[in-house]
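Swiss-Prot has this to say about the protein:
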type	residues	note
BINDING	G50, P51, P52, G53, V54, G55, K56, T57	ATP binding site
COMPBIAS	452-461	compositional bias 'Basic residues'
REGION	447-476	region 'Disordered'
Amino acid sequence: MSAVPWIIKYRPKRVEDVIDQEKAKEVLIPWIKKWLSGTPPEKRAALLWGPPGVGKTSLVEAICNEFNLEKIEMNASDFRRKGDIERVAIAAATKKPLPPWKGRLILLDEVDGLSPRGDEGAVAAILELIKKTKNPIVMTANDPWGTHLRPIREESLLVEFKRIPKTKAREFLLKICEKEGVYCEKEAVDYIIEKNKGDLRASINDLQSIAEAYGKVTLDLASALLVERDRVLTPWEMLQSLFYSKYSWQARKAVTSTDLDYDTLFLWIAENVPKQYGDDPYDLWRGMEAVSRADVIYGRIRRTMNWSLLPYFFNALGPGVALAKTKYHKRARWSYPEKIVLLARTKEERRVRDELASHLALLTHSSKSYVRREIIPMLQFIAQVNPNYFARLALGLRLSDPMIKYLAKSKYQLVKKYVEELKSSRTVKAEEQTKAKEVVKELKKEYEKGTKKGKGEKRRKGSDEGSGLLKWLKKD
């Protein structure tokens with residue numbers, strides 16, 4: 001057997017060697033070819049996302065080999081700060097490679113490893129990199145749906161990678177054993193694949209570890225040696241595992257194997273229990289009773305900060321919900337929690353509200369909470385009952401157009417019209433005042449000129465009249 005790790009030895013050298021992922025290839029290869037033709041695509045970066053061990057990085061490396069591209073790779077640990085990206089990635093992305101390379105590809109691996117708070121400036125630097133690049137940028141992520149990664153998603157071509165089918169993974173592992181001259185049972189390979197949840201990279205590592213230690217791979221050896229790896233479940237996988245759990249330990253593992261925070265986990269389950277159990281009133285009642293119990297426990301934890309109650313929260317949400325059913329129900333159409341969807345829709349409106357509260361708090365020397373509670377509702381009421389007066393207030397308070405729109409709601413167009421009229425009338429008044437000042441200046445010049453000459457009583461009299469007019473204009 002080879003001393004080289006099998007994941008390196010049997011890594012795909014060509015695009016066609018990458019197992020499955022045909023849809024991903026159909027999207028990514030034409031995108032790369034556009035770069036090589038000298039006409040960069042509209043999306044200057046590609047974001048490859050999917051479960052671990054399905055071939056995201058392998059496909060990128062195969063593309064580099066096949067198209068003779070120089071690969072500049074950075075891991076999440078290499079671009080924690082803005083300076084890290086500016087020092088390496090931006091410099092590489094804006095320059096051409098030396099021969100014999102035909103081009104250069106920038107690979108940012110595991111961008112979902114960036115912390116929304118800890119990695120200051122990294123996301124902004126990646127966006128700057130995408131804007132400036134003269135070479136294709138490819139990023140990989142297991143879960144790209146974090147809110148801090150939204151700007152990157154919007155600027156990238158999203159390429160999804162599916163889990164590798166069990167039959168194709170089995171065929172590949174058996175082929176490795178054949179090339180290495182290792183006896184291998186099909187049942188053992190199936191067991192390894194199931195333990196690793198379709199992660200081909202982890203399956204190859206386990207296969208090699210057993211083969212090197214015992215010279216063969218059997219089901220008895222695999223079941224005795226391999227420990228199931230903990231894997232983070234997506235919300236959809238968590239629901240699938242929860243609603244179809246047979247035992248309480250399976251249900252508890254489902255709700256504790258996701259990286260959702262406690263509030264969001266509760267919302268996901270509370271939203272989808274009625275959808276899953278809705279065809280049976282008794283199961284629905286028992287399921288929602290478990291959800292209600294979890295809500296009470298979590299409320300008690302929040303009030304008293306007694307986190308020793310957390311296991312009871314998980315027991316209510318996990319086994320409590322899963323074992324509420326008296327039969328297995330057909331899979332329902334699960335959905336995102338309505339509260340999360342609503343918050344996403346109103347994100348911009350809440351941002352304007354917070355800016356308005358900060359602006360008015362500064363003007364009125366009040367707290368933001370007082371402004372939100374007392375002043376904003378009053379302004380909204382004025383906008384509805386007296387749009388003309390509200391327009392004057394808006395100008396006086398120097399409110400921006402989004403703030404006016406937030407306060408005026410349905411009367412926005414009418415208020416906007418009044419604001420424009422007030423602005424134009426103020427402009428006219430300002431012009432009239434400017435003209436009056438110019439007249440005053442001219443009269444003052446005439447007066448000074450007449451005083452200097454001092455010829456005759458008539459001129460003095462005229463000067464006095466001019467002075468009187470000057471005083472009257474100033475008074476006006």
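Backbone N, Cα and C atoms are what each Cβ position is placed from, and that goes for glycine too.
Values in this document were obtained by computation on a predicted structure and should not be read as measured data.
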| task | According to DSSP, folded down to helix, strand and coil, what is G53 (ATP binding site)? | result | coil
| query | Are there any residues in the same chain, six or more apart in sequence, whose C-beta is under 8 angstroms from the C-beta of T57 (ATP binding site), and if so which? | reply | L107, D109, T140
| request: Using the recorded ATP site (G50, P51, P52, G53, V54, G55, K56, T57) as reference, state which further residues of the same chain have their Cβ within 8 Å of the centre of those residues' Cβ atoms, listed in sequence order. | output: S58, T140, N142, F161, D199, L200, R201
| What is the number of other Cβ atoms found within 10 Å of the Cβ of G55 (ATP binding site)? | 25
| In sequence order, which same-chain residues at least six apart have a C-beta under 8 angstroms from V54 (ATP binding site)? | Q21, F161, K162, R163, I164, G198, D199, L200
